[in-house]
Every structure is written in C-alpha cells, then in structure tokens.
Amino acid sequence: MKIVADQNIPALSDLLSGAGTLSYFSERIPPQKLLAEADALLVRSVTQVDEVLLEQAPELKFVASATIGTEHINLQALEERGIGFAHAPGANAQSVGEYVLCAVLNWLSDQPRYVADEIDVAIVGAGHTGKAAGKRLEALGLNVHYYDPPLCKKGVKFVHDHWQRVLTADIISCHVPLTRDGDFPTQHLFENTALQSLHSQQLLINASRGAVIDNNALLERVEQGERPSLVLDVWENEPEVLSGLVPYVDIATPHIAGHSLEGKVGGAVMISNALLEHFGKPADKTLSDVLPGKAWNERDAGGLNSLESLNLWAKEHYDLFRDDELFRQQGLTTEGFDSLRRNYRKESPRREFINQVVTCHNSEQYIQFLQLGFSARLLSK
C-alpha cells in the first residue's frame with residue numbers, strides 16, 4: 001500500500017509502521033507523481049481535495065484529514081468514487097479551549113472591576129471545541145451559554161437559537177464549521193449588521209474558520225472607533241490576510257489555536273487508526289503510544305486564588321503574545337503564514353495544561369482546576 005501524507009502530520013512513521021510505503025509532501029498540493037500511485041492520502045486543512053486532485057489519483061481508496069473541519073474535502077466526489085474518508089473531530093478541542101481561556105484571562109485582567117457571574121459569554125457552536133472553551137470559562141465563574149441553531153432544532157436542551165442574545169454578550173467566541181448553504185449557513189455569520197452592533201466593552205474571538213466573520217466588514221467597523229476587543233486566530237481567505245485589519249486586532253495568530261502537541265498527535269492517531277481499519281489491519285494505537293512523556297510541574301492552588309496569579313501561570317505555559325508577535329512579524333504574507341503554521345513551535349512544542357498538576361485543598365478547588373483543563377490532586381485531610 002502506498003500512503004501519501006502531509007509532512008506536518010506528526011508521528012505517522014510510528015503509527016503506520018508496517019502498513020505500507022509512506023511518502024510525504026511539503027506544499028499545499030501533493031505532487032502529481034505521488035498522487036498517481038497513492039492508495040491513501042492524509043492531509044491537513046490546507047489541502048483542497050477536490051475533483052482536480054482526485055482526477056490525478058486513479059488508485060486512491062482512502063482519504064483522511066487530521067482536522068475537525070471537512071470544508072476542504074469534496075465529500076460527494078469521494079462518495080461517487082467509492083473512496084473512504086475519515087477526519088479527526090475533537091482531537092484539538094482541548095488545545096482550542098486553552099487558547100480561548102488564555103485570551104479571556106488576558107481580557108479580564110484589563111477590566112477595572114467585574115463580577116464573574118455577571119460576565120455573559122456566548123459560545124457560538126456547541127461542538128467539541130465550543131464545549132471545551134465553554135467548560136473552562138464556566139470554571140472561571142462566568143455565565144456561559146451556547147448558541148447552536150442546528151442542535152436547538154434537534155431538541156438539544158443546553159443550547160439556544162437567540163441571535164440577539166449572542167450580539168449582546170460581553171464575550172463572544174466562535175466555534176463553528178464553515179458552511180455556505182443549508183438552513184444555518186455560517187459563512188459571514190458575522191456580517192456588517194451584526195458587527196455594527198458590537199461595542200467597545202465586548203470581546204470577539206474567532207478560533208473556528210476565518211470566513212465566519214466578514215473580514216472586510218469587520219475592518220470597516222473597527223475603523224469607525226469604539227471597537228470591540230478582538231482575538232483572531234483565523235482569517236478569511238487565509239493564507240492571505242487582510243493586512244489592514246491586523247493593527248486593530250488585540251491578539252492575532254496564524255490558525256494555531258489547535259496546534260498543541262497533544263492536539264496534533266491526537267489527530268494523527270485518529271486518522272491512522274481509521275486508515276488501518278479501512279484496509280483491514282489492526283487499528284489499536286493510542287495517544288500514549290507515541291506522545292512524549294508529560295512534563296509534570298506542580299503548583300499549589302493557594303498560589304492561584306486570584307485572576308492575576310492564574311493569568312500569569314497560564315502565560316508561563318502558553319503565552320499567546322509570543323504567537324501574536326511572530327504573526328505580526330512574519331505572517332502577513334502567504335508564504336510567512338504557511339511557514340508559521342508548518343513550523344509551529346517545532347523546537348519547543350506547546351503542551352496542554354493537563355501536564356500541570358494543581359494541588360488542591362478542597363473539593364471546590366479540585367473541580368475548578370479539572371474544569372480548567374489542569375491535572376489536579378486533592379490533599380487528604
């Protein structure tokens with residue numbers, strides 16, 4: 001079996017050892033020579049698997065994407081050709097949740113005074129990443145609600161479909177797939193009218209897909225002044241970035257919210273097992289089989305009993321502003337944007353907060369830090 005894979009999907013040589021011949025590609029589109037003989041193709045969201053690509057891959061039997069989204073895959077074309085498909089929903093959810101947590105901690109630290117349960121948070125999209133973000137913000141004591149009309153239509157109880165409630169929230173965090181049709185399209189969900197309604201006391205976060213927010217309309221809005229605080233990890237038309245928008249964004253990053261080591265390796269494990277299963281081979285690899293050991297670091301909860309101390313500790317383990325600085329320096333060209341994603345923290349991979357242990361003195365602390373995504377240890381009395 002000949003397997004063609006994006007070179008930035010980690011651990012494949014270990015996960016697929018003995019499964020076949022593994023060849024890598026480094027650009028967005030695999031070389032025609034590799035496609036011509038490929039039995040399986042493993043991609044990231046930067047590769048468009050469309051009719052043009054599939055015409056070059058007559059032997060292809062299986063495609064997988066190491067991502068949660070599928071908008072870069074022509075699923076109908078795969079089905080018509082009898083080509084199997086898999087992706088990795090939820091693999092990077094904890095990583096995205098931590099990105100949002102760090103962004104919100106930073107924003108809250110700049111608020112002169114606030115009462116936690118009076119901060120209204122709208123999570124737009126109640127899938128894996130939305131729930132991971134929401135759980136962490138609930139652990140801060142914030143008032144979190146979930147906007148998800150498709151789930152609401154199905155009768156799911158913990159979501160709502162009140163758009164105005166979203167637009168009036170103090171914090172809005174986007175976690176939806178990019179859809180262009182159907183009953184609830186998300187492309188330009190935040191268009192001119194919605195963006196004009198936002199004000200300077202709000203925080204808008206997008207860690208889903210760039211085109212969920214109309215970037216040109218957003219630029220028009222922020223140029224008017226009294227803008228909301230902005231955290232953008234994704235950009236419409238990326239790797240091209242609307243450069244005029246960047247100076248108005250408080251935290252700007254190159255689509256790396258989900259790029260923790262655990263998130264990337266987790267996606268690789270999911271699609272590798274799916275590939276092996278598709279071809280009738282044993283598929284029993286786990287994250288612990290290929291992930292480096294945890295970098296344990298212990299901290300007493302008593303030293304984390306304020307927002308300031310928690311924010312500072314979170315920054316020690318994931319400093320958003322390091323990624324923001326590199327993006328502003330290098331990410332405003334298509335080549336620079338792709339390079340930042342491709343080479344993201346290669347020398348010192350970003351590890352998730354679960355590697356950090358918080359020693360807790362009561363059950364309330366224990367539950368809170370587990371919800372925040374840390375490991376926790378409850379001292380016995």
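Cβ coordinates come from backbone N, Cα and C, glycine included.
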According to Swiss-Prot, Asp148, Ala207, Ser208, Arg209, Asp233 bind NAD(+); identify which of Gly134, Gly182, Gly244, Gly258 is listed for that same site.
Gly258
Return the count of C-beta atoms lying within 10 angstroms of the C-beta of Thr67 (substrate binding site), excluding that atom itself.
23
Close recorded positions near Ser208 (NAD(+) binding site), where close means Cα within 10 Å, chosen from Ser45, Thr67, Glu238:
none
In sequence order, what residues of the same chain, 6+ apart, have a Cβ less than 8 Å from the Cβ of Glu238 (active site)?
Gly210, Pro254, His255, Phe337
Rounded Cα-Cα span from Thr67 (substrate binding site) to Asp148 (NAD(+) binding site), Å:
21
